[in-house]
Amino acid sequence: MGLVENGKSGHSKYERMDSDFVEGENLQPAEKTNKSTKKYVLACAMFASLNSVLLGYDVGVMSGAIIFIQEDLHITEVQEEVLVGILSIISLLGSLAGGKTSDVIGRKWTMGFAAAVFQTGAAIMALAPSFTILMVGRLLAGIGIGFGVMIAPVYIAEISPSIDRGALTSFPEIFINLGILLGYVSNYAFSGLPVHINWRVMLGVGIVPSVFIIFALIIIPESPRWLVMQNRIVEAKSVLLKTIDSEREVEERLAEIQLAAGHAIAEKYEERAVWQELLNPSPGVKRMLITGCGIQCFQQITGIDATVYYSPTIFRDAGIKGNSELLGATIGVGCTKTMFILVAIFLIDRVGRKPLLYVSTIGMTTCLFGLGLTLSFMGNGPVGVKLAIFWVCGNVAFFSVGLGPICWVLTSEIFPLRLRAQASALGAVGSRVSSGLIAMTFLSVSHAITVGGTFFVFAAISSLAVVFVYKCVPETKGKSLEQIETLFQSDGQWRGGELELGDAENLVQKQ
């Protein structure tokens, strides 16, 4: 599909459309409109991110609940690893199905479906009389999480204005961190109950957010880009009018979306063609896949889920003994993780994606190496305990300020509309599989090379992430989704991360 034709219509498809400025005497009304549209988009992003609370809560609560599940159901260490890690592995089914599902029933109702599946799994886990039934609930929860983590960033990216998209697309990561913190607090609050009850209450509390998700589905609109794909142009324009200040800009953005969706030349992409393009990609799509899937894998193989899931194990190895003290220390980790994600939200559209990724990956490498040294040479003493808590909190802080939220921002914005849902699903699969493998092998690897040695390995992987960011991640700050697509059309733009708007006139985007 050639894009040169659109350049003849009077404006470039890739014209910057920052709507914060309007001409002349219309400034005051525009300011009022600006505030109302920002509030509306903010509310949509927050409601769309509620599924992420479920994922975060599960991650946080399982780190403490597993201690009491082990005591109550007498599971082995291998069963413990499988129970913790299988959620991430099985979530790939939800992520893979999420792309097609969201293209059929819409982004909004896919989020509702994800919540329903997760809540069913959470209820089964809370009532499970045996390890087998517990695993059934865990599998259902994993499928729901797979749907949820894939669709929320896509929805937010498609409904957000370019200038705010980075911050808003980071909302799912904020809510994941909030969920993790709530999980840690739940562990601490209910740990005093009898062993056969406390872990069930911890897991059952995760059902509560479903009420808010049902309310959210009533409030939020469908993605305008999905509506255009269904040829529901009037509805799409209505949504855009609520999220963009200027009616002129709404018309321009609508034309952009229609062109990207293939309506300009009445070209339709079937599901088979989409997967064929992903599995046999053009050079531009290949670069997108390297960036999107690569950043998703590095997010997990640097060990963040091992740090969160097994933080009691790490602190026990450092010298903390009692369950209450262990769970209390994890609350500090959760608070740190949540606070620094807010820092990322403030900086991501001001500083940019790539500088924050540098700070994040270099900082994580330093903290992981420091944690390895501490656990290897200074464990079982008060200084070792303090240093271990410091390094763990430092690691999650640097993760939350960069690699955590930006990973989802990038994968939701770099792919063209025709591939976005499936490609984002593919990236989420890489993330979940990597997470599951780390979670399911952490205890076994730690026994083989010690907990400290395991974190030396994570530090080495994190150093490779620094190189990956330098080589393969372009800067996307302030660009429309359609502009970002052009960054990957040549190797120089991909590595340099800059786009001159005039380049769009000569770009042939699709074959």
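Just so it is clear, glycine is given a Cβ too, placed from its N, Cα and C backbone atoms.
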**Study point:** transmembrane segment per TrEMBL - which of 168-185, 258-275
**Key:** 168-185
Point to revise | Tertiary contacts of the transmembrane segment (111-133) (same chain, 6+ residues out, Cβ under 8 Å) | key: 48, 50-51, 54, 58, 73, 75, 79, 83, 94, 98, 101, 105, 139-148, 151-152, 155, 200-201, 203-204, 206-207, 209-210, 213-214, 216-217
Exercise for review: With a Cβ cut-off under 8 Å, give me the same-chain residues at least six positions beyond the ends of the transmembrane segment (449-470) that come close to it.
Suggested key: 294-295, 298, 301-303, 306, 313-314, 317, 354, 357-358, 361-362, 364-365, 368-369, 371-377, 379, 403, 442
Review point. Across the domain 'Major facilitator superfamily (MFS) profile' (44-477), what is the average pLDDT of the model, as a whole number?
Key: 85
Practice item. Residue list, the transmembrane segment (40-70) vs rest of chain: Cβ under 8 Å, 6 or more residues beyond ends. Key: 80, 83-84, 87, 111, 114-115, 118-119, 122, 134, 141, 144-145, 147-149, 151-152, 155-156, 159-161, 164, 168-169, 171-184, 186-188, 191, 195, 198-199, 202-203, 205-206, 209, 212-213, 215-216, 219-221, 242-243, 305, 308-312, 323, 326-327, 330, 334
Point to revise | Non-local residues, at least 6 beyond the ends, that sit with Cβ under 8 Å of the transmembrane segment (139-156) | key: 44-45, 48-49, 51-52, 54-55, 58, 86-99, 101-102, 107-108, 110-111, 113-122, 124-125, 165, 168-169, 171-172, 223, 408-409, 411-412, 420-421, 424-425, 428, 431-432
